[in-house]
Amino acid sequence: MMKSTQPQSSSSFVKFCRKLSPKRKDSPAESTQHNINEDQDKNKDLEAVFAYMDANRDGRISPHELQKSFMTLGEQLSDEEAEAAVRLSDTDGDGMLDFQEFAQLIKGDDDQEEKKTELKEAFRMYIAEGEECITPRSLKMMLKKLGESRTTDDCRVMIRAFDLNADGVLSFDEFALMMR
């Protein structure tokens, strides 16, 4: 079975994002104007980081540019991690990160971890015990449990529609893209 392409939580990329991610304050006593100014400053900082990483100045960051930026900063980011990071944040499906996608990746939603946990739980429902990916057989079994009878060939076709690396199975990253 193919190994999942999901970056490990201790990866350089995750550590880097945590460094860049603005600290959230829960204190309601802070003034609105202070929060607006702080958000504008953080946005300018993100724009500067984005411009630094966008080596060819096309307004988008490719997995290769992301990886090179990390190398410049003395961090290692594997090809797999760079591609997974871009793929998970690429909302328009062009294989690159525009500024909005990059900012969303760095900032994250307050409930992003919750959404990811829910996706992982859903993903686990579709995988067979001992496997790391959704196979045509495991998809067929889950669909049957849900009252939808499909052939294994039907399930292969469904998987192929979201199987980015053409390995015949869905990794968590591919499943997450499918669920958007």
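Using N, Cα and C of the backbone, Cβ positions are placed for all residues, glycine too.
Summarising the annotation, TrEMBL assigns region 'Disordered' to 1-44.
The compositional bias 'Polar residues' annotation in TrEMBL covers 1-13.
The domain 'EF-hand' annotation in TrEMBL covers 41-76 (among others).
If you look up TrEMBL, you'll see 77-112 (among others) marked as domain 'EF-hand'. Mapped onto DSSP helix, strand and coil, the domain 'EF-hand' (77-112) counts 21 helix, 1 strand, 14 coil.
In the predicted model, the domain 'EF-hand' (150-180) shows an average pLDDT of 92. TrEMBL lists 150-180 (among others) with the feature domain 'EF-hand'.
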DSSP-derived helix, strand and coil totals, residue by residue, for the domain 'EF-hand' (150-180): 16 helix, 1 strand, 14 coil
Residue counts (helix, strand, coil, in that order) that DSSP gives for the domain 'EF-hand' (41-76): 23 helix, 1 strand, 12 coil
